[in-house]
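Undergrad: Positions annotated as substrate binding site by Swiss-Prot: 9, 10, 11, 173, 213, 234, 235. According to Swiss-Prot, the feature active site, electrophile maps to 95, an assignment based on sequence analysis. Marked as active site, proton acceptor by Swiss-Prot on the basis of sequence analysis: 167.
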């Protein structure tokens, strides 16, 4: 049985004071982590505030990126070793914005995934296609390729523990949402790809999120699909009431 995982991705929003105000508003209102795992991915400057809060609450913390080396002369990068020592649980890697604006490659993402596991955290590995690729009928092949490259040389145990987020680029921040059937179709392809690379047992354990204009209004329908185990939520996670509606979608 896969535990649902709803993760808010704040992107480059909220300072530490705004973070504390958000946390004060959700205090004591999150579901038990055994029912739905609630996660917030936040800018590095907010992580210490989140980690301190999470010690007494049903919340897990995620960084929005990390480097693939533990330390060294890499100005501006975030050390996975330091994130782990800080108490961070997850790291989002391969987000379409990182790929588009910062030139991240599948090889970079694979190296980051290994570094995250080596530092006892779990990657949330993002994948997804552009509108042009979808209209050309290339979605399944493209996403399967991204997953194959991202998981290269990871152990079966590591892959089983991973979270994979399908985020159709054409549905991020555009107001367009993949229908629940479209989202399920690609999430099924992701699970099939993992089964081919490893085996069905591993594929049945990996948790797959959908990310692309997820809101309280559509979360229950998405979560009703067989291969969708969670959401990676952008804008709708910035408001505490909206975030609470999302993580408490079961009622």
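In case you wondered, yes, glycine gets a Cβ from its N, Cα and C as well.
Help me picture these features in the structure, burial and contacts included.
TA: Within 10 Å of the C-beta of residue 9 (substrate binding site) we count 27 further C-beta atoms, all protein chains included.
In the structure as shown, the Cβ atom of residue 95 (active site, electrophile) sits within 10 Å of 28 other Cβ atoms. According to DSSP, residue 95 (active site, electrophile) is assigned to coil rather than to any helix or strand.
DSSP gives residue 167 (active site, proton acceptor) a coil state; it is part of no helix or strand. The Cβ of residue 167 (active site, proton acceptor) lies under 8 Å from the Cβ of 95, 96, 126, 127, 128, 210, 211, 212, 232, each of these being in the same chain and 6 or more residues away along the sequence.
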Undergrad: So for residue 234 (substrate binding site), how many other CB atoms are inside 10 Å of its CB?
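TA: Result for residue 234 (substrate binding site): 22 neighbouring Cβ atoms inside 10 Å.
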Undergrad: Just how spread out is the substrate site if you go by the largest Cα to Cα distance in Å among 9, 10, 11, 173, 213, 234, 235?
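TA: Binding-site diameter by Cα atoms for substrate: 14 Å.
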Undergrad: Could you check the binding-site residues 173, 235 and say which one's CB has the fewest neighbouring CB atoms inside 10 Å?
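TA: Least crowded of the binding-site residues 173, 235, by Cβ count within 10 Å, is 173.
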Undergrad: Around the substrate site formed by 9, 10, 11, 173, 213, 234, 235, list the extra residues of the same chain whose Cβ is within 8 Å of the site's Cβ centroid.
TA: 172, 233, 236, 237, 238
